[in-house]
Amino acid sequence: MSNISSIVNRARDAFNSGKTRPLQFRVEQLEALQRMINENLKGISKALASNLRKNEWTSYYEEVAHVLDEIDFTIKGLSDWAEDEPVAKTRQTQEDDLYIHSEPLGVVLVIGAWNYPFNLTIQPMVGAIAAGNAVVLKPSEVSDHMADLLSTLIPQYMDKDLYPVIKGGVPETTELLKEKFDHIMYTGSTAVGKIVMAAAAKHLTPVTLELGGKSPCYVDKDCDLDVACRRIAWGKFMNSGQTCVAPDYILCDPSIQNEIVEKLKKSLKDFYGEDAKQSHDYGRIINDRHFQRVINLIDSKKVAHGGTWDQPSRYIAPTILVDVDPQSPVMQEEIFGPVMPIVCVRSLDEAIKFINQREKPLALYVFSNNDKVIKKMIAETSSGGVTANDVIVHITVPTLPFGGVGNSGMGAYHGKKSFETFSHRRSCLVRSLRNEEANKARYPPSPAKMPRH
């Protein structure tokens, strides 16, 4: 454990040396990261297969491609983002230079998540490097194969002092959080997010928390249900439901509930065949603890599809629950598994009320052909982000910041927003020593009369 302090101190010394200040150095490190990924795609895929049973294609599409896109976008935009930003002048500052200067924060701690253990560890790192910080990486110990891989690869390609990787579980993370960082980025549960924030408060360290919650999916009667259900099924059951922005539950009018069930079932058959257990595209629950938690949420009396599982392989069949009571256990926590409850509401207003009576979610989804329905849902609810007539895809766009609100998190990242998150925007005014006559009015003694505006 004593080694953790020395690793963090070494990262701070490396940062204080000033070598991250030049943009060229940052670009070189991002290019090294890019090279690391491209030269080790097989190893990344193998680690993801070992932990989550992802195949080569889903590993690339769900995790790697987004990181490579982020690196490309960041390298192309960095010189513009880092330029001093002029601001409007007041009457008294017409002769001055006024601008905002972006400077690195210092040493950033990134605590990754187990469900997308490559993407959610490396993508935040991209923005932190671009902003000129040292970055201490703490991959999730739950996805142990990926943690092992990252701790091996990153020192081979990148500056060893600036970008150390620390492996371990709760004891190591607890020790890490005792250290003073200049920013902490955490992705994971709300419960642990509160622990991270409490630890950060002791050092007045700012945090970005990407948490989660129960992301609702409202399906309007005025909707192409074939398309809607295909997109919903894709987003819900990818990675076996272990996605922080997966649609957690469906809200719909009771008159279309059965039709939604049938169309979801058709999509599941199209995606995974008659038996999802045999599909190479269908994942597994990460460990026994999470497996037990998810199956405990399945009420057999409400099962319209699925509801079966295999404990040795941690397989849970894609499951649909109907006529779900809002007070039932499956509606009290983020499911984070392949179980889709359907709750019936009789109007858009009732759906909005239902959503607003609960904690603010990380994402919200609405399917409708009626723009007024979509605009009303957006205007009268709150969530980290919204996708209308699809799911999840808003987080793949680098020009849209990704983050939560309320219980689903704070702060945001992706694209330019990542650069801003990991930078201090420093207000600067540069004035000449000439023209002192114009400043005389501010000096004592005060005039007898107040000036008129």
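Including glycine, each Cβ sits where the backbone N, Cα and C put it.
What Swiss-Prot lists as N-acetylserine is S2. Positions annotated as N6-acetyllysine by Swiss-Prot: K178, K194. The NAD(+) binding site annotation in Swiss-Prot covers G188, S189, T190, A191, V192, G193. Annotated active site per Swiss-Prot: E210, C244, in sequence order.
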By the DSSP assignment reduced to helix, strand and coil, which category contains K178 (N6-acetyllysine)? coil
List, in sequence order, the same-chain residues at least six positions removed whose CB sits under 8 Å from that of S189 (NAD(+) binding site)? L211, G212
Between K194 (N6-acetyllysine) and G188 (NAD(+) binding site), how far is it from one CA atom to the other, in Å? 11
For the recorded positions listed here (A191, V192, C244), which one has the lowest count of neighbouring CB atoms within 10 Å of its own CB? A191
Restricting to the chain of E210 (active site) and a gap of 6 or more, list residues whose Cβ falls under 8 Å of its Cβ, or answer none. L120, M185, Y186, T187, G188, C244, L362, F402, G403, G404, G409, G411, Y413
Using the alpha carbons only, what distance in Å do you get between V192 (NAD(+) binding site) and K178 (N6-acetyllysine) once rounded? 15
Reduced DSSP assignment, A191 (NAD(+) binding site): helix
Expressed to the nearest Å, what is the distance separating G193 (NAD(+) binding site) and K178 (N6-acetyllysine) at their Cα atoms? 15
Sort out the sequence-distant neighbours of T190 (NAD(+) binding site) for me: same chain, 6+ apart, CB within less than 8 Å of its CB, listed by position. L211, G212, G213, N407, S408
